[in-house]
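Summarising the annotation, TrEMBL assigns domain 'Ammonium transporter AmtB-like' to 30-384. Per TrEMBL, the feature transmembrane segment maps to 12-29, 41-63, 75-95, 107-126, 133-150, 199-215, 227-247, 281-301, 321-342, 354-383.
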Amino acid sequence: MPARYLNFRCSLPWLLLLLQTLCLIYSFFGFPDPGDVYPHLYPGFQDVNHMVIFGFGFFLMVLRRCGFSSTGFNFLLIVLGVQCSLVMEDFLRFLGLQYYEVDLKSLAKAVVSMTAVVISTGAVLGKANPVQLIVMTLMELIFFYISRWINTTFLQVPEDLPLTHVHLFGAYFGLAVTSRFPEPPPGLDKSRSTPKSDLFSMLGTVFVWVFWPSFNSLLTDSSMKAVLNTYLALAVSAVAAFMLSALTSKDGKFRMTHIHSAVLAGGVTLSYTAHSIRHPWIAMILGLLGSVITILGSHCLQRCFNPALKLQDTSGVHFTFGLPAVLGAVASVVLHVVETGIAQQWSDLSSLGYLVFVDIGAFCQTISTALITGLITGLILNIKLLKAVHVSKYFDDQLYWEVSFKMISD
C-alpha cells in the first residue's frame, strides 16, 4: 500500500493523544464540581446516547465496502466530540458568555450537539480519511456553538431552542464540505449498496426511529407532550413512506432507500415544535408532509440538483434531514404566529412581526453559517497536510481497517 496511507500511523494516534490530553488537562483545571442534579434526565439521555452511537452508526452503513468506517468512525467521533463539546461549553462560561455547570443536562446537550457532526459525516462518508473527519468534527462543533451563541445573544432565542437546529446545521454543513471534495468517477462499483448493507442500514433506521421521541423531548419542559407528538408524526411518516414508495417506483414495489430516509422525516420535522403543538392532528400532518418532501426531494435532488452542483451526498442527508428540517423551521414560524395571534386576538401586529423576524432570522443565520463555514472547512480538509484520499480509493475500508478477503468479496 502506498506510503502516504501508511502515514496515518504517524499522524492519527498522536492527534488523538493530543486532543485527549488537552481535554484531560482542561477538565482538571477548568471544570467546576459536577452537579448532582437533573436525575430525571437519565432515561432520556440513555435513549439518545443509544440512538446516536448505535442507531446512526448502522444508519450510515449504506455502502458495500464502508461498513467498518461508518460504525467505527461514528463511535470515535462521538466519544471524542462529546468531550470537546463540554470543553467548549465551559470555555463560553469562562468568557462570561453563558452560565455553565457540569451536570447531566450539560452532558445531554453535548450528545445532542454531536448529532450535527454525525449527520455531516454521512455526507462525506467514504471520501474523508480519519484525520479529516476529526478536524471536521472540531471545526463544526466550534461553528455550531458560535451559531447557537448568535441565536441566543443577538436574536434572544431561548437557550435550549438553538439545539433544535442540529439537523439543519449538520445537513447543510455536510453538503458544503462534500462539495469541496473531488467527484468520484461515474459507475464506481464501491459506491453502490448491497442487500446486506441496506439491511444493516435499515436496522439503524429502526433503532433511530424508536428512540427519536426521547431525542425531541430530552431538553424540553413539556416532555410528555413532545413524546406524544413525535411518535404520532413518526408513525404517519412511516405509513406515508411505504405508500409513496409504492406509488413512485416504476414497478410498484417498495424501495429500501425511500423507507430508509422517509420514516424519520416526521421526527426531524417536529424537532422545533414537538413541545408546543397542542393538537396531535397537527403533528400527524407535519409527519405526512415531511415524508412527502423527503421522497419527492430524493427524486429531484438525485436527478437534477446533485449532478448540476457535482455533489455526492453519500448517505442522502439532504433529503433525510435537510429538507424536513427546513419544513419544520417554516412550520414553527407559522404555528408560532398563529398561536400568538389567536392569544392576542390579532391586535398587536407589530409584536407578531417581531416574532416572525426572530424565528426567520434564527433559521437564516443557522443555514447561512452552516453553508459558509462548511465551504471553509471543506477547503481546509483538502490541504496537502491532511493527506486527502485519491478518488480511486473512495468508499473502501481497506485503507484504514483489517478486512478479510471474504468480506471484500461479499
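Any Cβ shown, glycine's included, is placed from N, Cα and C.
Distant neighbours of the transmembrane segment (107-126): 41, 44-45, 48-49, 52, 56, 59-60, 62-63, 66, 69-70, 73-74, 77-78, 81-82, 85-86, 89, 132-133, 136-137, 140-141, 144-145, 160, 163, 166-167, 169-171, 173-175, 177-178, 181, 190-191, 215, 218-219, 313-318, 321, 374, 394-396; these residues of the same chain sit at least 6 beyond its ends, with a Cβ under 8 Å from one of its Cβ atoms. Proximity of the transmembrane segment (75-95) to the transmembrane segment (12-29) is established through 3 or more Cβ-Cβ distances under 8 Å for residue pairs spaced 6 or more apart. Sequence-distant contacts of the transmembrane segment (199-215) (same chain, at least 6 residues past either end, Cβ-Cβ under 8 Å): 43-44, 47-48, 50-51, 54-62, 67, 112, 115, 193, 226-227, 230-231, 234, 238, 256, 259-260, 263-264, 267, 271. With respect to Cβ pairs under 8 Å, the transmembrane segment (321-342) is most closely packed against 281-301, considering the stretches 12-29, 133-150, 281-301. If one looks beyond the transmembrane segment (41-63) by at least 6 residues along the same chain, the residues whose Cβ comes under 8 Å of a Cβ in the stretch are 70-71, 74-75, 78, 104-105, 107-108, 111-112, 114-115, 118, 121-122, 125-126, 190-193, 197-198, 200-201, 203-205, 207-208, 211-212, 214-215, 217-218, 223, 260, 314-316, 395. Packing against the transmembrane segment (133-150) from elsewhere in the chain are residues 12, 15-16, 19, 73, 77, 80-81, 84-85, 88-89, 92, 97-98, 113-114, 116-117, 120-121, 124, 162-163, 165-166, 169-170, 173, 177, 365-366, 369-370, 373, 377, 380-381, 386: each is 6 or more residues past its ends and has a CB under 8 Å from a CB in it. Away from its own ends, the transmembrane segment (12-29) comes close to residues 80, 83-84, 86-87, 90, 130-131, 134, 138 of its chain (Cβ-Cβ under 8 Å, at least six residues beyond either end). Summarised as a single figure, the pLDDT of the domain 'Ammonium transporter AmtB-like' (30-384) averages 87.
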